[in-house]
Amino acid sequence: MAERVSLTLNGTLLSPPPTTTTTTMSSSLRSTTAASLLLRSSSSSSRSTLTLSASSSLSFVRSLVSSPRLSSSSSLSQKKYRIASVNRSFNSTTAATKSSSSDPDQLKNAREDIKELLSTKFCHPILVRLGWHDAGTYNKNIKEWPQRGGANGSLRFDIELKHAANAGLVNALNLIKDIKEKYSGISYADLFQLASATAIEEAGGPKIPMKYGRVDASGPEDCPEEGRLPDAGPPSPATHLREVFYRMGLDDKDIVALSGAHTLGRSRPERSGWGKPETKYTKEGPGAPGGQSWTPEWLKFDNSYFKEIKEKRDEDLLVLPTDAAIFEDSSFKVYAEKYAADQDAFFKDYAVAHAKLSNLGAEFNPPEGIVI
């Protein structure tokens, strides 16, 4: 049985440091720089949980790392603790309020830093997934913000990060931690979506018509309940996809176009329960080896996802039940066939769908957003 790793950080945000700190770990955290699976597995797997009871202050966390008392009593190595403290820094920073907005110049500069990160870490898939999973919790039937979910930066809080669908996304927070610290005038919600759109573009995909100015959810109490993101292998894949994406206000064309982003990345069985440990396409780099990809060139954004599913010629390529559904359902198939034959049409529809997804549930300040 594959082992899934998740983080649980117990403590009240922005409270004084407690007198003791207890750290336990039942499995080592494995950091990887290139991974993706938009859809979570419905199959069960064992989970390793790391728990911390500590202040949410970033400065306090840093002091803990160098504390002799912690060093002598902790069962974790310094390297493993640093991974946990990265997530802690995302939880502890004071969130933006409705009176704040991301700084346009900082957004532009952060975009350049993200491009540099992508060129050295090959982390396009996991950054795409980060933006999607923050936005994909939106429920159009709930009017109140931030209870309605969506692109509000709530994925930085441990209560949401430990959802099964978000397994491995602590690695995405690790990757962009320094950028967030460098550009404090950018909301988490904006940074997640900026990273996602930039990753698509830098992988050769279309330019996404993005806007910024998203306001951050203020605390873990604003996180949505678990279960709003799609499964990979539900009993009725087409019905399940519609239930999830219609709840967001998206339609069949959006569903198929967004599915095409699986042209990037790999599924890792230790996270999702799906895919092979490695294939001829993933046994070597770039990035950490392993997993099973949907396409041979899994860091290139193109329409090969649709071509490969249609042809079904390579057993080393992954096809999830929800992937197969886009060619089995009569309405989905219209778009899937179109995108397999016409990459320009796919790029056009994908750019619109991605921008739509990135805005779901967001509270913008100014209301019209910021274009950079």
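From the backbone N, Cα and C atoms, a Cβ is placed for every residue, glycine too.
Annotated range for region 'Disordered' in Swiss-Prot, selecting from 1-28, 29-56: 1-28.
What Swiss-Prot records for the K(+) site is Thr295, Asp302, and among Thr239, Thr263, Thr279, Thr322 the residue it adds there is Thr263. It is 217-237, from the ranges 133-153, 217-237, that Swiss-Prot records as region 'Disordered'. Shown are the recorded positions Arg129, His133, His262; the one with the most C-beta atoms within 10 angstroms of its own C-beta is His262. In this structure, His262 (heme b binding site) is part of a helix by DSSP. The Cβ neighbour count for Thr295 (K(+) binding site), using a 10 Å radius and every protein chain shown, is 25. In the region 'Disordered' (217-237), the DSSP tally of helix, strand and coil residues is 4 helix, 1 strand, 16 coil. Each residue in Gly260, Leu264, Trp294, Glu297, Trp298, Lys300, Phe301, Asn303, Ser304, Tyr305, Glu308 lies on the same chain as Thr263, Thr295, Asp302 and has a C-beta within 8 Å of the C-beta centroid of that K(+) site, without being one of the site residues.
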